[in-house]
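The structure appears below as structure tokens.
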Amino acid sequence: MTRYVFITGGVVSSLGKGIASASLAAILEARGLKVTLLKLDPYINVDPGTMSPFQHGEVFVTEDGAETDLDLGHYERFVRIKTGRRNNFTTGQIYENVIRKERRGDYLGGTVQVIPHITDEIKRSIRAGAEGADIALVEIGGTVGDIESLPFLEAIRQMGVEMGHENALFIHLTLVPYIAAAGEIKTKPTQHSVKELRSIGIQPDVLLCRANQPLPEGERRKIALFTNVEERAVISAVDVDNIYKIPLWLHSQKLDEIVLRKLHIDAPPADLSDWKHVVNAMEFPEAEVTVGMVGKYVDLTESYKSLNEALTHAGIHTGTKVTIRYLDSEKLETEGAGCLEDLDAILVPGGFGERGVEGKIAAVRYARENGIPYLGICLGMQVAVIEFARHVAGLEGAHSTEFRPNTPHPVIALITEWKDREGRIEQRSADSDLGGTMRLGGQVCQLTPGTLAHQCYGSDHITERHRHRYEFNNGYLETLTAAGLVISGRSEDGSLVEVVELKDHPWFLGCQFHPEFTSTPRDGHPLFSGFIRAARAQHEKTQTKSD
């Protein structure tokens, strides 16, 4: 029987429920338990696929093609699981399912209400996502007290009652601020947050108290007294300089022991040697490189969360400290490429819309002409093709039909037909809805032997995740390859170009897929490791010249 750990948050948002949940799951996995994680989002959008990155941050794409919350990226990086559409659902999805059932007549003419129909659908979705796990950690998005979260909180309250204390446990993450002017830690916000939670019928079993320093014993006792939580279950969740230290910290606070004792589970001791190795590799690098990330969402780096982490993972696996310099592609359009001069490598990530595209193309040109290692992902591959078409193949005005529908040379165009994971034909047009209509999820790509991509992966076939509507236009295949563009990866049926390279360049690669979604701190990713090794070689070459 699956046991459940429900994680809620209080006082303020962005306290790190996702990382806390993933870290606890990592410890439980290290104790030999089969775990899974779910994220419940209170917003009415069906999924975050059409939400602005400035509002929501990154959209994480799962293997089965779901567009989900970025916390699922944390789950996959901390725990050796592949999440899917059952691991993340929203208020919009829940209401959509209930309304669909009502239209079918499933409720036999009854009045459809939040309780029991919405809460029952939430409980059904939680149980479906948790199926087969020893322990399911269920994170409730938002903050206790938000009106949007109430149906979710009511649903997990009911589950706690239905399953009993030995099968369900509640963890509440809260803020314990330090007031510098008074020189004191304040526990009142935590007390009020727990009071709010208890007012809707949930008594937390464990408190994770987010603070910039460990809780003094006096404050711990005070919190325990006023929240009705046993003192040893009031855990200090201190700020750390490296999120991959958090499993080690929470284990040192005996969080996993408290959880397993309350759930009546016997498990072997945790083997956290992998996490110790990760932390050690980050703290003692052999070299340092600077990678310029040229994008349009650089004011909110959470927009590139998986990409940031993938570069860190590559640093772990190559003994390199990777410093990311975020560069606004719009500024490159007006200020020129001077800001690129002292970089060891350039990366152009994915994105949508015309804003900043010419700046990205300028960054590609600089990398190509100056022999700087370049990695282009999704749109980053497309702008590499556009730049090559314009300045090497001589196709003046070459562009993507996403930005210039009437371009004389549409080297990038809308995909109108492709095969999905099950081999079914998917068709789209320019008039299709924006939500959920892209080429999404894991797709098999065949690599050409003797190419850089094949060298990095060491395999003829790979599976990577996609999220795009536009693709390389095969009508320009002969022209561009004749000019020197290398096509090193194609879709399984050979119809779509997935990877491009330049043969007379130290390291230049563009991929239509998103390799960052499958990178983890313990395993890394071959493409990013190859990119960072190339950045190190570039750094050493630059240092030699300056000496």
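Backbone N, Cα and C atoms are what each Cβ position is placed from, and that goes for glycine too.
Swiss-Prot names Ser13, Lys186, Thr187, Lys188, Pro189, Thr190, Gln191 for binding UTP. Of Lys39, Lys222, Lys245, the residue it gives for the same site is Lys222. Same-site candidate for L-glutamine binding, as annotated by Swiss-Prot with Gly351, Leu379, Gly380, Met381, Gln382, Glu402, chosen from Arg465, Arg469, Arg490: Arg469. Among Asp71, Asp106, Asp120, the residue that Swiss-Prot places alongside Ser14, Leu15, Gly16, Lys17, Gly18, Ile19 at the ATP binding site is Asp71. Between the farthest pair of Cα atoms in the L-glutamine binding residues (Gly351, Leu379, Gly380, Met381, Gln382, Glu402, Arg469), the distance is 14 Å. In this structure, the C-alpha atom of Gln382 (L-glutamine binding site) lies 49 angstrom from that of Thr190 (CTP binding site). Over the domain 'Glutamine amidotransferase type-1' (290-541) the predicted model carries a mean pLDDT of 92. Its Cβ placed at the centre, Leu379 (L-glutamine binding site) has 27 other Cβ atoms within 10 Å. A simple Cβ count within 10 Å picks out one of the recorded positions Ile147, Cys378, Met381 as the most packed, and that one is Met381. When other Cβ atoms within 10 Å of the Cβ of Lys188 (CTP binding site) are tallied across all protein chains shown, the result is 12. When the alpha carbons of Met381 (L-glutamine binding site) and Glu516 (active site) are compared, the span between them is 14 angstrom.
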